[in-house]
Structure formats: C-alpha cells, structure tokens
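What Swiss-Prot lists as topological domain 'Cytoplasmic' is 1-55, 559-660, and the listing cites similarity to another entry. For 56-76, 538-558, the entry in Swiss-Prot reads transmembrane segment. Annotation comment: Swiss-Prot describes 77-537 as topological domain 'Extracellular', evidence class similarity to another entry. The disulfide bond annotation in Swiss-Prot covers CYS101-CYS286, CYS209-CYS217, CYS263-CYS270, CYS375-CYS460, CYS397-CYS456, CYS401-CYS452, CYS410-CYS437, CYS412-CYS426 and rests on similarity to another entry.
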Amino acid sequence: MSKSGKKLTQKLKKNLPVTGPQAPTLYELMQWYCLNTNTHGCRRIVVSKGRLRRWIWISLTLCAVAVIFWQCALLLMSYYSVSASITVTFQKLVYPAVTICNLNPYSYSKVKDRLAALEKETSQTLKNIYGFTEPLIRSKRDVGVNVENSTEDIFLKQIPLYRLESVKGSQLVVSDLKTKKRTRMSAKVIHRDAESVQDPGNMVGFKLCDPKNSSDCTIFTFSSGVNAIQEWYRLHYTNILAKISMEDKIAMGYKADELIVTCFFDGLSCDARNFTLFHHPLYGNCYTFNSAERGNLLVSSMGGAEYGLKVVLYIDEDEYNPYLSTAAGAKILVHDQDEYPFIEYLGTELETATETSIGMQLTESAKLSDPYSDCTMDGRDVSVENLYNKKYTLQICLNSCFQREMVRSCGCAHYDQPLPNGAKYCNYEEYPSWIYCYFKVYKQFVQEELGCQSACRESCSFKEWTLTRSLAKWPSLNSEEWMLRVLSWELGEKLNKNLTKNDLANLNIFYQDLNSRSISESPTYNIVTLLSNFGGQLGLWMSCSMICVLEIIEVFFIDSFWVVLRQRWRNWWENRKENQAEDTPEIPVPTMTGHDNPLCVDNPICLGEEDPPTFNSALQLPQSQDSHVPRTPPPKYNTLRIQSAFQLETIDSDEDVERL
C-alpha cells in the first residue's frame, strides 16, 4: 500500500465516530473498552490476529484476573483477622510502690476483749473434738480476760459444728460436736477441700440453713479439722469486725514505727515517715513505701542489691491470734502507685529469722483495644461500678461485681470488699441469714452464674513485676548476739522485752538492672497497607493502576447498565408503537359531498359541488383519516453506506480508497 493510502486509512479511522458509553449494544461497548483501555491484556484480545493468539490472550487475562481475586481475598482475610505485632523496647524507670503487711492483722492484746467469748467457745470445741486441755492451748500467752460463765454457746448456736459420719444417698448421719448427739438429716454437702469424700468419718464441717426455710440447709465439710475450725472462726471474726469503726480498727493495728525497725533506700536512711498507711480488711494496718502521696516518686540511681529498699520488720509473734494466723511473718506486694494492692491474692510472704532478697524486673504491656482484643482502656465502657477508687483492673471489676450482687441478694455488703453507697456491712444482729446468703452468692460467682466474668474485661495497659526471690539465714550465729542487743536497746521503750530472731524479718528488694521491658501491640494490617497491597497485585498481574480500576468501574458497571437500560427502553417503545398501530381501526373515506358530508355539518366553509373551493378554504378543510405514510424503502445508493468505527478492514489499493 502506498503512503497516501496509509495516511488516508489513518485519517478515516480517526474521523470515524466512536460511540463509547453511548454504544447501542454491550458487544460494541466491550469492543470500545478493549481498544481504549490501559489494561494490556484486554487490548491484545481485540487487536490480535488469529484465533489461537486471541484465545491465548483470553486465557492469560482470565488467569491474571483469577490470581488478583485470590490474592485480594488473602489480603482481606489478613486485614480482618485483626492480628497484631509486638514491639519490645527497654528503658529506665522509677521505683515502684511496695506495700508491707504483718500476717497478724491486729495486736492480740488490743483486740482480745472483743474476741473473748469467741475464743472461749473455740477452745471448748477443740477440747470436745480432740481432748485438748486449757493449758495446752494457752501455753504461750495468758488471755487475761474474765468471761462470764454462760451455758449458752451463741456462736455454736448460730453456726453449729458437725462431724460427718456416713453418707447414704441423700441421707446424712452427723454428730453434733458439742452435744455428741447423732442426727439423720437431708442436706446438701459441699466439700471445701476435695470433690469426693474418701472417709466420711474424718470430715468436719458446719451447717448453714436459710432462716426463711429451715429445710433448706447445706453442710460445708473439710478434710481436716484445722481447716474447719479456722473457717468457722473466721466467719465469726468477720462478723465481729464488721461492727467496729474504722478508727478503732486502725488503733488496734500496728503502727508504722512498730512494724518498721530500720529502713534504707538507695544507700540513704529512711524511717516510718516514708511509709503511707493503708488499712486492709484482712491484714489490718499495712504501709506503702513510695506511694506518691507525699511528693515526687523515688528513683533508683543504680541496679543491684545495694541500691534498693532494705527494711527490718518487727513481727511480734507473741501478739498473734492463734486461730486466725497460723503462719508468722510478713507479706509484701510490688505494684504501681495508682493500683490497689490486692496483697491477699498476689502478695509474697516473708519468713522470720530470714533475710529475703527480691530482684525485680518490670514489664509494661499495652494491648490494642477493639477490634483487636476485648480489653478496656480505663474501665469506663464496663458496666460494673468501680468501688475501689483506683485504676481499673480485672480484679477490681470482679470484686466490685461480687459486692454488688451481695448487696442485691443479701441486703448487706461483705466485709472483705469496699462498702457501696447506702449499704452496710453484714452482721448477725441486722442480717441473720447473711452467711448462708454469702455462700450461696459465692457459689454462683465461682460457677460464673452472676455474669461478672463476662461483664469484666482485662485492662489494655498494665505493669507486671517479675520477682526473683532468694533466702538466707539471718542473723548469722556470729552477729546474732550483738545485733539483737542493739535492736532491743533501740526499741526498749516501745517493746519492754528482749528481741529474738523469730521476732524479726529482713527484706531487701531492688531492681536487678535499671532496664524495663515494654511490650506494645500495633496492627499488622491497616487501611494504608491494604490499599498498597491491592495496588501491588493489580500492577503485577495486569499492569493496572487506580485509573484503570476507575475505567473498569465506569465501563462494566455504569456504562453497561445504561446500555442495557437503553436497549430495553428502545425495545419496549417499538413494541408499544406496533401494538398501537395494530389496535387502531381503519376509518372509511366518506363519499358524500357538499352539505350532505357529515364532516361539514359544523364547518361553515363547506361548499357545494357546483362551487369549487378556493385555496384558503381548502386549507381549512379537515384532513382525511385514512391517509397513510408510504412505506416504500429508500433507494440503495453506495454513497450512503457508513463503515463501522470498529471495522479493522485494511485498504490495500487506491481503488479501495475510492470505493470507500
């Protein structure tokens, strides 16, 4: 083909009409898209010559589209899997708060007047069960309290003690530990120490009944009489303390200068003024070092045993309650300054006559909240009210939820948890059935029937101290004599006694190093990463950009919709016109003329046969109803032919150009 022919062909193709979105059919729309798209595969399908090449490009394009859908599905699954990555960093930190408690909550000499009747019944019960004599029980101290002789045991009457002798189905054979009377009864048995009873004759427990329904009773059994007596004593002890004011309980506890004998921090001397009072319902007066209530937080200058907190504690074992505290020593807890010290759950015990060295390592954790986890940032989105007025923790939420259910079900609050607004602590005088109700609510709480475990969530950010403990005998044999003499002389005015090593406990708590471990979560996939990966997959498999994606949306969704809609509208309109033409009746042409013509009845211009109409009057005459448009097809001229814009016909000669 000559150069002039090629130029003419290009000019004709350029000037041919391109319909695009206005294409009458989907086929022409797809053909226009494939010729004009930036996606190479679709264009090669149209312009390739030969059926084999065309099918190859169709297969490759479809495979690329399938791979894109597969990879994008994997990306979406990764995005909605809400996985998180963990970052570990190390940084320096301040010294934590350290709470110290004596295992004996109250000095016995200060509380014995309130517990005299309970102690009398307890010792008498032990004598009835095991044959203990009075001097054996009180060999280490003299109670020194005159208790009025009374034949009525009020504590055993409120909570009677039994020995479980045999179990036959639902029938129990028990013997009263006071009267030795055997009784057969029907009651539920709850084993506090074991799930099954191997030897019922060794089981000791107490019976609780619902005052409103005397037949509804439960016997709580223990595998050892020691545990049964302690639990029975603790219930009455709690009932007595619930009626004592906070001021009196603080006065009955240990003072800071009585508990803290010596103190050193970071190589410098400290004293009781560096400790803050914290009254615990179970451990009495506890003291917190570095609580941040007295000013700035303390910081360790270096890591190691020489730069931590060193204290010598006075345990005063002679003032221990024998039925309440069976272990002698102290209990400590390392915690953050704004956290409540749950020392009964997380505390570490210290032995007497022992030096306890504790190395600390802090780990700070920060989790992602919803949708990555079910944690809460500050507890405001938790339905349970915080009764502790401290930073939210899971344990605070669980205890607050239990106390709320206790008040709702029993009408009073348990002594171990803070008192809600408008509630009172449980006691026998005002709430006779509170113990039975307490065990019933506690059983529901343990079995997760109260909904507390589902309502409470973990905190997203928290601090955790890993403790490494080591023990050493203290003081040594060579230093015991002079050290105890010096300490006895310094505390002589307060103690009026010579100290022994069993009265003291030594604590050394320090950072192993000044680095802390920080664990934080970050989303593995976010919206930016998702879009970036989508773009990478489209560009890798189809050389497609965001503009190409918009083209696909425009052509395959918007333009295709309008093309189909126009086709349906055109078909409907043509069918409607054909139906109207078929339903229209043919009106015959009237043969009458002049005044006899019914068309001229109301027309004043109608003329007779003898009067030919003028030009103006003829224009005003009504038209004939049976006039038809001629349906003769137009002549076929070669000059009226129009070639399709998408016809890729080649022009090989000037004759073809002239023919076009």
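Indices start at 1 and increase along the chain as displayed.
Just so it is clear, glycine is given a Cβ too, placed from its N, Cα and C backbone atoms.
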Check: By a simple count of other Cβ atoms within 10 Å, which of CYS101, CYS270, CYS397, CYS456, the disulfide-bonded residues in the record, is least packed?
Finding: CYS270
Note to self: As a test of the contact definition, list every same-chain residue at least 6 positions from CYS452 (disulfide bond) whose Cβ is closer than 8 Å to its Cβ.
What the structure shows: VAL384, CYS397, LEU398, CYS401, PHE402, GLU405, PHE445
Item checked: Candidates CYS101, CYS209, CYS263, CYS270, CYS426, namely the disulfide-bonded residues, that fall within 10 Å of CYS410 (disulfide bond) by Cα distance -> CYS426
Margin query: Can you tell me which of the disulfide-bonded residues CYS101, CYS437, CYS456 is spatially closest to CYS375 (disulfide bond)? Compare CA atoms only.
Written below: CYS456
Check: Out of CYS412, CYS426, CYS456, CYS460, the disulfide-bonded residues in the record, which is closest to CYS270 (disulfide bond) when you go by Cα distance?
Finding: CYS460
Next item on the list: Please classify the secondary structure at CYS452 (disulfide bond) using three-state DSSP.
Entry: helix
Checklist line | CYS410 (disulfide bond) CB neighbourhood, other CB atoms within 10 A | finding: 19
Next item on the list: Give the distance between the Cα atoms of CYS437 (disulfide bond) and CYS101 (disulfide bond), rounded to the nearest whole Å.
Entry: 30
Notebook entry, point to check: When the Cα of CYS460 (disulfide bond) is compared with the Cα of each of the disulfide-bonded residues CYS263, CYS286, CYS412, which one is closest?
Noted result: CYS286
Check: Including all protein chains shown, what's the count of other C-beta atoms within 10 A of the C-beta of CYS375 (disulfide bond)?
Finding: 18
Notebook entry, point to check: Including all protein chains shown, what's the count of other C-beta atoms within 10 A of the C-beta of CYS286 (disulfide bond)?
Noted result: 27
Margin query: Using a Cβ cut-off under 8 Å and a sequence separation of 6 or more, which residues in the same chain sit near CYS412 (disulfide bond)?
Written below: MET406, ALA423, LYS424, TYR425, CYS426, ASN427, GLU430, TYR431, TRP434
Check: Between CYS101 (disulfide bond) and CYS217 (disulfide bond), what is the CA-CA distance rounded to a whole number of Å?
Finding: 37
Next item on the list: Out of CYS263, CYS286, CYS456, point to the one nearest CYS217 (disulfide bond) in space (Cα versus Cα); all of them are disulfide-bonded residues in the record.
Entry: CYS456
Notebook entry, point to check: How long is the line from the C-alpha of CYS209 (disulfide bond) to the C-alpha of CYS286 (disulfide bond), rounded to the nearest angstrom?
Noted result: 36
